[in-house]
C-alpha cells in the first residue's frame with residue numbers, strides 16, 4: 001500500500017536527513033577503531049610473553065631508529081643522553097624493548113630475548129668469571145662503571161684520560177675472564193643496584209676483584225662483572241662509579257706500617273618508564289646513592305720518622321661514614337606520531353664532595369679534607385727503651401725534625417729520650433709536641449726549653465689555636481711572664497724620615513750609657529708616628545711617609561727576644577700624630593690629625609676595630625695619653641682644658657676639667673695610681689702636677705727651673721720617669737711622699753737626628769741564647 005498525501009512526503013524527508021548522519025557516524029567509528037588499534041599496538045606486553053614470542057619478535061620486529069650514546073668526556077656529575085629506540089611488533093603480546101646502544105662502545109651488553117636464555121647466559125658468565133685473586137688489571141684501569149639495567153647500557157660516570165673508547169658494536173666483548181674490562185665496569189659485587197638485589201630476575205655473577213699493585217706504584221685497576229637477567233617490562237639506566245685510595249706509611253727496612261684506606265662509591269639509577277602512571281604523560285625517577293668509607297690501621301710504634309712507601313695490601317675493611325640517597329619524580333610530555341617516549345630526567349648532583357682520581361689517589365687524599373685523618377691518629381708514643389741516641393743520630397742526623405706528608409697533614413716524629421733531648425732543635429713547628437712528651441716523661445730540661453720557645457714567640461703562639469688552645473691557664477700565664485725575665489730598659493727610637501734611616505738604642509742606668517739595639521726598617525720611617533709596648537713587643541704606628549707626606553696606616557712590631565721586625569694588621573684609618581696606649585691586652589690608637597675616632601687592636605686576632613669615639617666630637621691633636629687604674633686618660637694639645645677618661649668596662653668616655661695652670665702640657669704619665677702631668681712655661685721652666693686616679697684632685701708637686709725648656713716625651717721605668725729630649729734627658733723620681741727631679745743630669749741621646757720616641761722594653765740577658773722563628 002503506497003503512502004499518499006502528507007504522510008509519504010514526511011517519510012521522504014526523514015530518509016533524506018539520515019544520510020549525513022550515517023556519514024558522520026561511519027567516520028567516527030573509523031577514527032575510534034584506528035585509535036584503539038594504535039593504543040593496542042603501543043601497549044607494553046607482559047614479561048612472560050617475551051620468551052614465548054621470541055621467534056615472532058625476530059621475524060616481525062623492524063628497527064625504526066637506534067638510540068646511541070657517545071661516551072665523550074663530560075664534567076663530573078653530568079649524564080650524557082642518547083636517543084631512545086622503541087621496537088614494536090605487529091603481533092599481539094609483543095613487549096617493548098627500550099635500549100640505549102653505543103655503536104662505538106667496546107663493551108656493549110646484548111640482552112637475550114627470553115628469561116631462560118638470559119639466566120643461562122648469567123650462569124655461563126658466572127662460570128667464566130671467577131678470576132684469581134691475583135688477577136692483573138688491564139692497562140686502562142677504569143674505576144668508572146656502566147652496566148645495563150632493563151635493557152640500557154649506561155655511560156661512565158667520570159671521564160678518564162688515557163681510556164679512549166674504540167669504534168665497535170655488537171655483543172659483549174669479553175675481557176679478562178670473560179668480563180667486560182675497561183671504562184664500562186659494574187660497580188657492585190653482585191652487578192646490580194642495591195634496590196634490586198632481592199629481585200627474582202637478577203643474579204649476582206661475581207664479587208669484587210682484588211686490588212693489584214704493579215711495581216710498587218699506587219695505580220690500581222678494577223674489574224667488574226656485567227649484569228644479566230634484566231626485566232623486560234621496564235626501561236632504566238644504572239650509573240655507578242667507585243674510587244679508592246690507599247696511603248701507606250712504612251719504615252724503610254722494617255715491617256711496621258700504617259695504612260689509610262679510603263673509598264667512595266656512587267650509584268645512580270633512572271627509571272624512565274612507570275606503567276602505572278596516571279595521566280597522559282609518563283613519569284621517570286632518579287635514585288642517587290652515595291657511600292664513602294675510610295679506615296686506618298696502625299702498627300707498633302717505630303723509633304724513627306716513618307717513610308712514605310707503597311704497600312701491596314690495604315688496611316682493614318672500610319667503615320661506612322656517610323651514606324645518602326635521593327629520589328626525584330618527573331613528568332614527561334608525550335611525543336608526536338603516536339609513540340610515547342619517557343623524558344629522561346637530568347642528572348642530579350651527587351651529595352658527596354669531589355672524589356679523588358685513581359691515578360694520583362694519594363695526592364687526592366691530601367687535597368680532600370673529608371678524607372684526611374686527624375694528626376692524633378698518627379702520633380707515635382715515646383719508645384719504652386732509652387738507649388736510642390744512636391738511632392737519633394742515624395735517622396735525624398741533620399738536626400732538624402723530619403717532616404712528611406701523610407693524608408695532607410704534617411707530622412713530627414722525633415724519638416726523644418732523656419739522653420737525646422738536648423740534641424733536638426726546638427721551634428714553633430715541634431715545641432708543643434715536645435712539651436707534651438716532656439710532661440709525660442718528666443723531662444724538666446726539655447719542658448723548660450719548650451716554654452722558652454713559646455715565650456720568645458708569644459704573638460705567634462697567641463694567634464695559633466692549636467698551640468695556645470692546648471695550654472692551660474697556668475701555662476699561658478707562665479709563658480707570658482717569661483717574656484719579662486731580664487732587665488727593664490729605656491728604649492728610644494730615633495726617627496729620621498728625611499734620611500730614610502732610624503735606629504733603636506737602649507739606656508743603661510747603671511753605667512749612664514747608651515747602647516745600640518736595632519735598626520729601624522725603612523718602611524717604618526715616617527713623621528708623626530707613635531710607639532707603645534705590649535707583651536714586651538714594641539709597636540710602631542706610622543704617620544706620614546716621605547716624600548710627599550702621604551698618611552700611612554701601616555703598623556710594625558719588634559720582638560726584642562728574637563730581634564725580628566714584622567708587620568701586623570694595618571689601621572682602618574691613617575692616624576698621623578695619634579697616641580698609642582696599651583690596656584688589658586689591647587692597643588688603643590687615639591685621635592690623630594682632625595680625627596675623633598679611636599681604634600683598638602686585638603693581638604690574638606691580629607685585627608683593628610673601632611672603639612667608642614671621643615666625646616662631643618672633640619678631635620685630639622698634639623695631645624698626650626696614658627693608662628691608670630684600668631682607664632685611659634687623654635689631655636693636652638687641642639684638649640688643653642679638658643681631661644678625657646675612658647672606661648673599658650662601660651665602653652664610654654667622660655669629659656672633665658683639668659686642674660692646675662693654663663700652661664702647655666708636654667706629657668702625662670701614670671705611676672703607682674697617680675697621674676703626673678708635665679707643663680712647660682717659657683719663663684718658669686717645668687712644672688709637675690699630680691693627681692690621684694680615685695680623687696681626681698690636681699696639685700703641683702715639683703718644679704724644674706729651666707728657661708725656654710725644650711719639648712720632650714716621657715717613659716716610666718719602675719718609679720723613675722725619664723724625660724727624653726733632643727738636647728738633654730731628665731729623670732723624675734715618682735716617690736709617693738716626696739716626688740722630685742734627680743739632681744744629676746743624665747747623658748742625653750747620642751747624635752739625635754730626628755724625633756725621639758721613648759718606650760720601655762725588657763731585654764734578655766746577653767748570655768742567654770734566643771730562638772728566632
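Glycine is no exception: its Cβ is also placed from the backbone N, Cα and C atoms.
Range annotated as region 'Disordered' by Swiss-Prot, chosen from 64-99, 208-243: 64-99. For the residues 61, 681, Swiss-Prot attaches the annotation N-linked glycosylation site to 61, which does not rule out the feature elsewhere. When you go through 361, 455, 542 in Swiss-Prot, the residue listed as phosphoserine is 361. On the 0 to 100 pLDDT scale, the model's mean across the repeat 'Kelch 1' (323-370) is 40.
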